[in-house]
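Each remark here refers to the structure printed beneath this line.
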Amino acid sequence: MVGQSRKWMILVAVIWIQAFTGTNFDFSAYSSEMKKVLGISQVQLNYLAVASDMGKVFGWSSGLALMFFPLWTVLFMAAFMGLFGYGIQWLVICNVISLPYILVFFLCLLAGCSICWFNTVCFVLCIKNFPANRALALSLTVSYNGVSAALYALAGDAISASTSSLYLLLNSLVPLIVSIAALVPILRQPSVDPLSPEAVRSDSIMFLLLNMLAVLTGVYLLLFGSNTSDTSTSHLLLGGAVFLLVFPLCVPGVVYARRWFHHTIHSNFQLRGSGFILVDDDDLELHKRLVSRETSYNNLNGSSLSDDEVCEYRSSSQKLCNKEEDSARCCEKMIEKDQLVMLGEEHPAHVLVGRLDFWLYYIAYFCGGTIGLVYSNNLGQIAQSLGHSSNTTLLLTLYSSFSFFGRLLSAAPDYVRAKFYFARTGWLTIALLPTPVAFFLLAALSNSTAALRVGTALIGLSSGFIFAAAVSVTSELFGPNSVGVNHNILITNIPIGSLIYGVLAAVIYDGNVGRGLKLMFSDSVVCMGRDCYFLTFVWWGCLSVVGLVCSLLLFIRTKHAYDAFERNRALVEPQRNRSSNSIA
């Protein structure tokens, strides 16, 4: 029981770390002030945002550090990176010290790298302490990373609503304070013992409750995160947010009452592991063994499957092939070329970059989630150009809160799988739909305050889902053992997209300075009017349609592999349940 309580305390510690280390999402809150103090152009400001995103390129360094240092040491390395990266920027923006532009660029790079190190520590803690439900643990904790901007906005209002430079000070100090608070649970990690099917299902109920609490937290921050009331009210609202983050510590007490929850709730919710790679490894191994009988990858020995199981799989595969033959010949070539044979097959890096499915996935992410991130980096200038500078905090809170909801929704396939099965790549396609809708809405009605808020919410919802689902999709399509390297290859699209999309927006912005109202601050120039971002929204909308099409093609190409896996799981699960009952 003590070990069970400790692992839930570790989960809460990871939630705290994630909730306060998404510091790159509040860049737009102080970017206008940074531009004014440094006296730089919009293009140069964009390069600072790119530097922060470039930290992801060096995410591999955290894994290297874990090979030589304990987990808590790597955690504090990340905290001190952020302390120096953001802290010195705060001194610059407050005119305490003066630094050349290139040094500020490297400070942004260091701060961005700290975020990746924090994420690596959180991933390791979740995977180590929740091996049977690590998909649920990862999706829940990663979700809280999306709410950081709303929390910092609330804290900024409580301390000094008129000082945008305060965000940099909070970004530097708060992650270090949270790391100190999380140190005790991390140092007292329990030994991980194999869980019985009963314990796995009990943990699933706990995750359901924690997700409900997360939704409540998101709604609270959405309603009160952009508070513009007096300071005393802001303090109360900040206290409420902190209470909602501390409240999950009650989970250890819930663990002791798990039998009561089993009898009253579990009978109505048949929660199974999300399967595929991240939860039920036995299902994946069975799927591999079945498929290996039908493909050229038959050099593995020791299969213990019966001939009846193999014949049933062959029969279902033959039916699938007959259906595919009815499709148009022009589509067959595209759909069947280099198609994935099964889920979970390991793809080393050199094999990965040669797969068409990977590049469809890469473009879908590049033209979907990454555009959403670049949009959030430009929110400060977008609001300023449209005359909504006073609403920047509100827009930042909207994006952050709906990004949080999108991340939570990424766990929906795991909860509804028993009643409604749909390939995860299909969910990814659905999640990409709001992005082009939002950008075309912004292009058409950018002067409307309602359109700006709705568009921001839709983009946050879509990008949040993609960020959180990416780890699961990568591991399912290209193998669980290679997911660390493969996912780092995938997210190289973020700094590339940040550079390309950001420069595109900045060039259009600077090009429209002479056409609209022009304001001078030091050596920097501010563009005012609808034209500042109109073409940017049109371009981003068209590019997001490309991402949607690539995602749809990926879904069509991988659907048969997901369907085959689900059929095989359904065949074996009754037998596994009978075996479990007989043992009990």
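Note that Cβ sites are derived from N, Cα and C of the backbone, with glycine treated the same way.
Note that TrEMBL annotation is computational and uncurated.
Quick caveat, the model's predicted, so the values are computed rather than measured.
TrEMBL lists 7-252 with the feature domain 'Nodulin-like'.
Annotation source TrEMBL lists domain 'NFD4 C-terminal' at 345-561.
Summarising the annotation, TrEMBL assigns transmembrane segment to 64-88 (among others).
For the transmembrane segment (100-126), the residues of the chain that approach it from at least six positions outside its boundaries are 10-11, 13-14, 17-18, 21-24, 38, 40, 44, 47-49, 51-56, 58-59, 61-63, 65-66, 71, 74-75, 77-79, 81-82, 84-86, 88-89, 92, 134, 137-138, 141-142, 145, 171, 175, 186, 189, judged by C-beta separation under 8 angstroms. The feature transmembrane segment is assigned by TrEMBL to 100-126 (among others).
Per TrEMBL, the feature transmembrane segment maps to 135-154 (among others).
Taken from TrEMBL, the feature transmembrane segment applies to 166-184 (among others).
The feature transmembrane segment is assigned by TrEMBL to 205-224 (among others).
What TrEMBL records for 236-257 (among others) is transmembrane segment.
Under the heading transmembrane segment, TrEMBL lists 358-376 (among others).
Summarising the annotation, TrEMBL assigns transmembrane segment to 388-409 (among others).
Marked as transmembrane segment by TrEMBL: 421-445 (among others). Distant neighbours of the transmembrane segment (421-445): 276, 364, 368, 371-372, 406, 409-410, 412-413, 451-452, 454-456, 458-459, 461-463, 465-466, 469, 472-473, 476-477, 533-534, 537-538, 540-542, 544-545, 547-548, 551-552, 554-555, 558-559, 562-563, 566; these residues of the same chain sit at least 6 beyond its ends, with a Cβ under 8 Å from one of its Cβ atoms.
Per TrEMBL, the feature transmembrane segment maps to 457-478 (among others).
Among residues of the same chain six or more beyond the transmembrane segment (490-509), those with a C-beta under 8 A of the stretch's C-beta atoms are 41-43, 45-47, 49-50, 53-54, 56-57, 59, 361-362, 365-366, 370-371, 373-374, 377-378, 381, 385, 470, 474, 527, 532-533, 535-536, 539-540, 543. Annotation source TrEMBL lists transmembrane segment at 490-509 (among others).
Counting only same-chain residues 6+ beyond the ends of the transmembrane segment (537-556), those with a CB under 8 A from a CB of the stretch are 334-335, 357, 360-361, 363-368, 371, 374-375, 423, 425-426, 428-429, 432-433, 435-436, 439-440, 442-443, 446, 501, 504. According to TrEMBL, the feature transmembrane segment maps to 537-556 (among others).
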Segment-segment contact (the transmembrane segment (64-88); the transmembrane segment (205-224)) at 3 or more Cβ pairs under 8 Å = no
Taking all residues of the domain 'NFD4 C-terminal' (345-561) together, what is their mean pLDDT?
-> 84
